[in-house]
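These come from Swiss-Prot:
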- 55-75: transmembrane segment (TRANSMEM)
- 77-97: transmembrane segment (TRANSMEM)
- 110-130: transmembrane segment (TRANSMEM)
- 138-158: transmembrane segment (TRANSMEM)
- 164-184: transmembrane segment (TRANSMEM)
- 193-213: transmembrane segment (TRANSMEM)
- 226-246: transmembrane segment (TRANSMEM)
- 287: N-linked glycosylation site (CARBOHYD)
């Protein structure tokens, strides 16, 4: 019996044991934490399934029809990969337009989200048809790595403003260093401008992906489908930008050949009646290469 318990007449009970360091008490995990974990699992599993199916369809099309990049006219002009960015750009603008003062308005119907997803997937497949299987595979893997890196950065920084400042500073330094290195490369000015433009677009999309990932800590369960589609759009946008970066030089040469072909048709210098569009563009490109050499 404790002296205090004798004075008060109550039975003395030993204090509860303190948990040792490194031991997580089950009671410290709240219902909100469990719900947030399930929400993250739902979002990322859906994005993973969508992204995997899209990349497999792209790779399957390229392997099944490897001649498309040499026979489809838009592929021969170099327009197809940049044109494919229009669909995810419009979809992302519409999806982010659903936000109102920092929170989503009423979530769109599942049918509308499905339409967005199908249109984006088709644009990615069409753009991949103008590339090789090696480029499709490498671009898809690199896009997944960058997307995962954005998720890791978001989880590492959390709500710590100091960490965000360090991450943003390192990111800006990396972008500036890349642009300086690109400027010092012995390549034509047109190639530098195209590469610099798409590199800046890729940097911007990384920022957008990190921003969308931070919303995992804010949204409700009913808004998960909308955020899932946003992250999927970000993933395929990264893939398309990487694909364009690896094919910029070839696309620029094709574009110059196409413009030369148009000018020759306008002046009547070329008889295109007996030659297909792609064959004619390849002939013009070979002539330009010999002239520049």
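Here, residue 1 is simply the first one shown, and the rest follow in order.
Here the Cβ of each residue, glycine as well, is placed from N, Cα and C on the backbone.
Counting C-beta pairs under 8 angstroms (sequence separation of 6 or more), the transmembrane segment (226-246) fails to reach the transmembrane segment (164-184), with fewer than 3 such pairs. Long-range contacts of the transmembrane segment (164-184) within its own chain (CB-CB distance under 8 A, at least 6 residues past either end) are made by residues 153, 156-157, 192, 195-196, 199-200, 203, 206. Proximity of distant same-chain residues to the transmembrane segment (138-158), defined by a Cβ-Cβ separation under 8 Å and at least 6 residues beyond the stretch ends, is recorded for 44, 51, 55, 58-59, 131, 164, 167, 206, 209-210, 213-214, 216, 231, 234-236, 238-239, 242-243, 246.
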